[in-house]
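What follows is one structure encoded as structure tokens, with my remarks underneath.
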């Protein structure tokens, strides 16, 4: 607890001292007076094809301007986790004050520095800078056609658009190509030109968006195609199940009118025969209820974050999407505890404290375990993605002092409000033997096939999401993502209901895990698609980027699978309860 408070106090003190150093050059209100200082922050540098493999800008032997250093602190947890490492460029830039081409420092190019620049140019290194939170990208240098001589861009030509007292546009032109020759002095220069712009401050990020990519006809067609598939699937499921269930109800009603002799001689079969076992607790109820609770929480987080992103345009602030997701995940912990705790109580579980701990730390342990593993690789590479120790302590504090107590509150509410088993059928003391059935009715086959249709409804959207995360695209069509989430949930519920109906009709009452896993198998297809995307749609390379990609894709796929599994189980549970409530059972 003391370490946690120490971390919080350190962050606060850092923020205070940094704000004192910034004085009038604080870009947080995005309003400037004439000749007020405008800060050019240097962020990261790294290979163009490996977006996540980034290093501090001054890890390359660039030189710094003469202006007094201004320190920067991580304003949000998302900034720290995403490897944002802002360092002051040292360039003297004042609002509306133009600067002609001016040398700001010289690079003494010895052999080690030349080798570092040559390596960067060979690997197509790009760098990123910020002015007033607007990102700017530039390339380090280029090689000649033969790949024998290498050239460094030495002149940063900045053109800044202003509208009133606000900066609304920044453009960088790299000029001054100088050949890299050992033991020479390379002067670095910059210039600043200000121009009036009609762009509104609220629209200044529009230039970074790519409507031709995200609003392509294929994207619209995929949404329409998935929507039509939902209508067809819901109609088909409704028609088949209503007609089939009507026949089942008629047959069961006829059986009720028979005497005992006729009933014994009759051909009894179907889902009614397992009414004494269908509400039997699932195997491994502790893990099962923890997965269902975690899946409900992931669904809540996805829904809330998408709605917030649609309203607030989170892409305009560094790390805001990740910070929002962490905050919402912590705040929705009672959802996890409520659904997981109530389900565990209904299934007769007694070790509810253990279930609460597993439910609370299932997702954080998976994410943090993967992140810490990749962190060792990032530390080895000296990459900016290496998570600072203070940030790791802050994440652990959130888990222990926010997520766990809220999960406890949800668990207590769930056990007390909806933890009593109120099944429409009495559970037999002795489990009924499961008869033999055809191979395609086995739970393992149903699980493998259950995820195909849900994956088919989202795989086009997966391409756009992957491209925005692993390439230089800003995802902003969150309305599309909301539609896809709704479509995914409807398709998942429909598929799991059909799978469960056929399973129960074969007199196999192991529907809980089957419904969960058949929906969760969507994650397997998503992860398989990630392999295709990596090898055929990207040019990523190297141990760091490969481990980062497949590590976090495994986390994403697993979280998606747990969410789909929980949604499929909840829908199927309502269906099973409904059909057995409507049947008269002695």
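Positions of Cβ are set from backbone N, Cα and C atoms, glycine also.
Annotated range for transmembrane segment in TrEMBL, selecting from 323-345, 415-437: 323-345.
For the transmembrane segment (220-242), the most Cβ-contacting stretch among 323-345, 444-466, 516-536, 548-570 is 444-466 (pairs under 8 Å). Using a Cβ-Cβ cut-off under 8 Å and counting only residues 6 or more beyond its ends in the same chain, the transmembrane segment (286-311) has close neighbours at 321, 324-325, 328-329, 332-333, 335-341, 343-344, 347, 349, 351, 354-355, 358-359, 362-363, 478-479, 481-482, 485, 489, 512-513, 516, 559, 562-567, 569-570. Within the same chain, the transmembrane segment (548-570) stays apart from the transmembrane segment (387-409): fewer than three Cβ pairs sit under 8 Å, each pair at least 6 residues apart.
With a threshold of 8 Å between CB atoms, the same-chain residues lying at least 6 positions outside the transmembrane segment (323-345) that come near it are 76-79, 285-286, 288-290, 292-294, 296-297, 300-301, 304-305, 308-309, 314, 352, 355-356, 359-360, 363, 398, 402-404, 406-415, 417-420, 566. Three or more CB pairs closer than 8 A are found between the transmembrane segment (387-409) and the transmembrane segment (357-381), so contact between the two stretches is assigned (pairs 6 or more residues apart). Segment contact holds for the transmembrane segment (516-536) and the transmembrane segment (444-466), given three or more CB pairs below 8 angstroms at sequence separation of 6 or more.
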